[in-house]
Amino acid sequence: MNSSYHRRVPVLGELGTSTSSQLPSTWPSILIPLGSTEQHGPHLPLDTDTRIATAVGRAVATRMHGRLTQCQPGWLLAPPIAYGASGEHQSFAGTISIGAEALRVLLLEYGRSAACWADRLVFVNGHGGNVEALRGAVRQLRAEGRDAGWSACGSAGGDAHAGHTETSVLLHISPEVVLTDRLSAGNAAPLAELLPSLRRGGVAAVSPIGVLGDPTTATAVEGRRIFAEMVDDCVSRIARWTPGPDGMLT
């Protein structure tokens, strides 16, 4: 176990270290980081999306605690869901994808179970490939009367995969796992231009190294800014609590 990583981004958050007897009287809301296990080029770890979602969730939980009144329930960070729909990366070793349908069912059953004792559920998503499953699961949970929503770890103008954006954030939250001697620019074409080839052959069809963007420009300072933007956006969406038709917090 990488102790430095776990000091920065605990895999077990407050929910994981709580006891069952502590929960019935609190009726907490929970933040569930949702990531993936997939290639992130030659320089970032397979759990990059999970690290980011967990770090954002941790920071959001802290911020939400500061907004509570005495009569409001608290927010707990759940242990992350570290597997998602990553079929576009399947050509690369290390990728483990459970597919959109399996993920949808997992999230649906997770939400049904957690809603038995939790107030609100927020999935904090760190991987774009999970969106289809999230939409289907959270839409169903809300149709069943459960107060669920989801938010993405997004940044305006960010590149697509293992490039400047994700590498900068990792340099901020987990610098020890970034292999800076292996940084190499990938395909930086706009995602819209790449989509036809991506759909046919996955990421390997457009980037042999698995990078979409340019990680060579990444810095920890930029990562701090991007990370703060992700946290601010998620906090604002939760505070407004206006889920759209697909359950995404707007």
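In case you wondered, yes, glycine gets a Cβ from its N, Cα and C as well.
According to Swiss-Prot, the feature divalent metal cation 1 binding site maps to Glu38, Asp49, His127. Using a 10 Å radius centred on the Cβ of Glu38 (divalent metal cation 1 binding site) and all shown protein chains, the other Cβ atoms total 29.
Counting every protein chain shown, the number of other Cβ atoms lying within 10 Å of the Cβ of Glu166 (divalent metal cation 2 binding site) is 31. DSSP assigns Glu166 (divalent metal cation 2 binding site) to a helix. The divalent metal cation 2 binding site annotation in Swiss-Prot covers His40, Asp49, Glu166, and the record cites similarity to another entry as its basis.
Cα of Asp49 (divalent metal cation 1 binding site) to Cα of Glu166 (divalent metal cation 2 binding site): a span of 8 Å. Residues within less than 8 Å, Cβ to Cβ, of His127 (divalent metal cation 1 binding site) and separated from it by at least 6 positions along the same chain comprise Leu34, Gly35, Ser36, Glu38, Asp49, Ala53, Gly84, Ala85, Ser86. What surrounds the divalent metal cation 1 site, by Cβ distance within 8 Å of the Cβ centroid and not counting Glu38, Asp49, His127, is the set Gly35, Ser36, Thr37, His40, Thr48, Thr50, Gly84, Ser86, His89, Gly126, Gly129, Asn130 from the same chain.
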